[in-house]
């Protein structure tokens with residue numbers, strides 16, 4: 001049984017909202033697109049990842065990420081509490097498993113915003129998930145976005161650009177590709193894929 005806005009009723013498995021995974025290279029605008037979509041449709045639940053990365057200005061623990069120590073992340077991994085986890089630019093990121101499964105069981109739309117490694121792990125453990133690749137309009141635009149952040153030293157940006165080349169080459173592994181030429185348009189397209197009516 002799943003709880004719906006009108007009460008408790010059975011939800012056939014094929015009618016249940018599926019898990020949607022949004023991935024793409026660093027700097028492509030994943031967070032911006034998701035924030036725009038959720039502003040209009042807060043019913044789409046975005047999983048909050050755990051990370052060993054230090055907070056950026058304005059980021060809040062439990063809202064943007066669960067900021068954890070290396071030891072805490074080791075425990076989450078060892079206890080199987082993460083649906084997926086990956087290391088990127090010297091930091092680890094992971095999706096807490098239980099919260100995702102609970103929301104899917106209740107029939108709520110769930111969105112994960114994760115990197116390529118994480119998307120591959122989700123594909124392995126939950127093959128019914130829809131994997132969406134967010135691509136930049138061009139390589140030059142991606143470089144401009146990454147260098148324009150001004151929040152990271154040049155060596156970190158260089159690592160992100162190297163990783164972006166690998167991630168862009170993996171685009172064929174995804175079910176759908178959206179090109180981020182307009183945040184509003186891509187958010188609308190993503191919303192249709194998440195299937196929120």
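Glycine is treated like the rest: Cβ placed from N, Cα and C.
Taken from Swiss-Prot, the feature region 'Disordered' covers 1-28. Marked as domain 'Guanylate kinase-like' by Swiss-Prot: 17-195. The ATP binding site annotation in Swiss-Prot covers 24, 25, 26, 27, 28, 29, 30, 31 and is backed by sequence analysis.
Here the features listed in Swiss-Prot are painted onto the structure.
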{"residue": "24", "record": "ATP binding site", "Cβ neighbours (10 Å)": "30"}
{"residue": "25", "record": "ATP binding site", "Cβ neighbours (10 Å)": "27"}
{"residue": "26", "record": "ATP binding site", "Cβ neighbours (10 Å)": "21"}
{"residue": "27", "record": "ATP binding site", "Cβ neighbours (10 Å)": "20"}
{"residue": "28", "record": "ATP binding site", "Cβ neighbours (10 Å)": "27"}
{"residue": "29", "record": "ATP binding site", "Cβ neighbours (10 Å)": "21"}
{"residue": "30", "record": "ATP binding site", "Cβ neighbours (10 Å)": "21"}
{"residue": "31", "record": "ATP binding site", "Cβ neighbours (10 Å)": "12"}
Next item on the list: Indicate whether residue 30 (ATP binding site) is helix, strand or coil by DSSP.
Entry: helix
Notebook entry, point to check: When the pLDDT values for the domain 'Guanylate kinase-like' (17-195) are averaged, what is the result?
Noted result: 91
Note to self: Can you name every residue in this chain, apart from 24, 25, 26, 27, 28, 29, 30, 31, with its Cβ inside 8 Å of the center of the Cβ atoms of the recorded ATP site?
What the structure shows: 134, 136, 142, 145, 180
